[in-house]
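A.B. asks: Grabbed the feature section from TrEMBL, which reads as follows:
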| type | residues | note |
| --- | --- | --- |
| BINDING | His213, His249, His282, His318 | heme b binding site |
| DOMAIN | 46-167 | domain 'DOMON' |
| DOMAIN | 176-373 | domain 'Cytochrome b561' |
| SIGNAL | 1-20 | signal peptide |
| TRANSMEM | 214-232 | transmembrane segment |
| TRANSMEM | 244-265 | transmembrane segment |
| TRANSMEM | 285-302 | transmembrane segment |
| TRANSMEM | 323-342 | transmembrane segment |
| TRANSMEM | 348-372 | transmembrane segment |
Amino acid sequence: MAVVLALVLALLAAPPPAHAAGGGRCAGESFSANRAYAACSDLPRLGASVHWTYDRASGDLSVAFVAAPAAPGGWVAWALNPSGDGMPGAQALVAGPFPDGGGGAAPAWSVRTYNVSGYALGDPGPIAFPASDLAAELGADGRARLYGRLKLGPYGAGVLNQVWQVGAAVTGGAPAPHAMGADNLAAKAKLDLLRSTAAAAGADSATRKRNIHGVLNAVSWGVLLPTGAIFARYLKTFKSADPAWFYLHVTCQLVGYGVGVSGWATGINLGKESKGVTYTDHRNIGIAVFALGTLQVLALFLRPKKEHKYRAYWNMYHHSVGYTVIVLGVVNIFKGMGILGVEQRWRTAYIAAVCVLAVAAAALEAVTWGVVVRRRKAEGKTFSSAPANGHLPR
C-alpha cells in the first residue's frame with residue numbers, strides 16, 4: 001500500500017496549469033478606444049496576458065490579447081481549441097503587419113483568422129467561432145494588442161483550452177514559423193469563463209456543480225477507498241482487531257463507492273451540459289474507475305469462504321483491482337483539479353492528505369511485519385511456504 005501511494009505521488013509532481021485570474025500585472029493594462037474587460041489573466045509563458053468579458057446570455061466573448069512579437073516586424077496569435085490542448089484544432093486570431101492592413105510601405109497591424117488543422121497555420125479563413133470587431137495595434141512599449149469578439153455558443157459552458165504564440169517575422173504577407181523554444185512549445189493553458197464571470201455576482205450554478213463533482217470524487221476515490229484499503233491490509237494482522245477490521249474496511253469501501261457514484265453521476269451530467277467540451281483522459285479514467293469499483297462491490301457477493309480452494313485467486317483479483325482503482329482515482333482527481341484550475345492551496349492540501357495516508361501505510365507496514373516475524377518465530381514457522389489465503393503471511 002505504501003509503495004502504491006508513493007507511485008501516485010510521483011505521478012502527480014507536475015505543476016497545475018495556469019487558470020483565469022482577476023488581478024496581477026494584467027489588471028493595470030489599458031486599451032485604446034475606451035475598451036475595458038471584466039477579467040484578465042497573466043499567462044505563464046511568453047510574457048503575455050489575456051483580457052475578456054463573457055456574456056453568458058448571448059455567448060459572446062470579447063477578448064484582448066497582449067504580447068510582444070519575438071522581433072520587430074513579427075506577429076502574435078491567440079486561439080481557443082475546442083478539440084485539444086495544442087495547436088491542431090486551434091481557432092486562431094493572428095495579428096501582424098499584414099499587407100491587407102493598409103499603411104503602404106509600412107503595413108498597419110491587422111488580424112486574420114485561421115482554422116488550424118495541423119502544425120502549420122495554413123491559409124486564413126473562417127473559424128468555428130464567428131469573429132467580429134477584429135483589430136490590432138502595436139504599442140510604443142513594443143507590445144501588440146489583439147482585439148476581437150467571438151460567438152462561442154455552447155462552448156462557453158465550460159473550461160476552454162487556449163493557446164498563444166509569438167513570431168519574429170511576416171514573410172510574403174504570411175506569418176513566418178515561430179521558434180521552437182521551451183516557452184513557445186508550452187504556451188497553452190485553461191480559460192475558465194464561468195468562474196471569472198461568477199466572481200463578481202456570486203457562485204455560478206455550473207461552477208457549484210463542478211466543485212461538488214470534485215469534492216465528492218476527492219473524498220470517495222481519493223480518501224475513503226485508500227483508508228479502507230489500509231484498514232484491510234494492516235489491522236487484520238492484530239488478532240484483537242478481528243473482525244472489526246473487516247467491518248471498517250467494508251464500511252469505508254461501500255460509503256466511498258456510494259459517494260463516488262454520486263461524483264461520477266455529476267460528472268456525466270456536467271458532460272451533457274458542456275456540449276463540445278470533452279476532457280478525454282479525465283472522462284476515460286473516470287469510466288474505468290467507476291467500472292472497476294462496481295466490479296469490486298459485486299465481487300463481495302462472490303467471495304469464497306476462507307478454506308475454499310479458489311479463495312487465494314479471489315484475493316489476488318480483489319487486491320489487484322482495488323489498488324488499481326485507488327491509483328487511477330487519485331490520478332484522476334489531480335487531472336480534475338487541473339481542468340477546474342483550482343487554487344494551489346487546495347492542490348497542496350490534497351497532496352498533504354495523500355502524504356499522510358502514505359506515511360501511515362509505511363509505518364503500519366513496518367509495524368505489522370515486525371508483528372508477523374515475531375509471531376512466526378514463536379510458532380516455529382518460516383516464510384518458505386506459500387500463504388494459503390493469497391496474502392503476505394500474517
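Cβ atoms are placed via backbone N, Cα and C, with glycine included.
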A.B. asks: 10 Å Cβ neighbour count around His282 (heme b binding site)?
C.D. replies: 19
A.B. asks: Counting other Cβ atoms within 10 Å of each Cβ, which of the binding-site residues His213, His249, His318 scores lowest?
C.D. replies: His318
A.B. asks: In the domain 'DOMON' (46-167), how many residues does DSSP assign to helix, to strand and to coil?
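C.D. replies: Helix, strand and coil residues of the domain 'DOMON' (46-167) number 8 helix, 59 strand, 55 coil.
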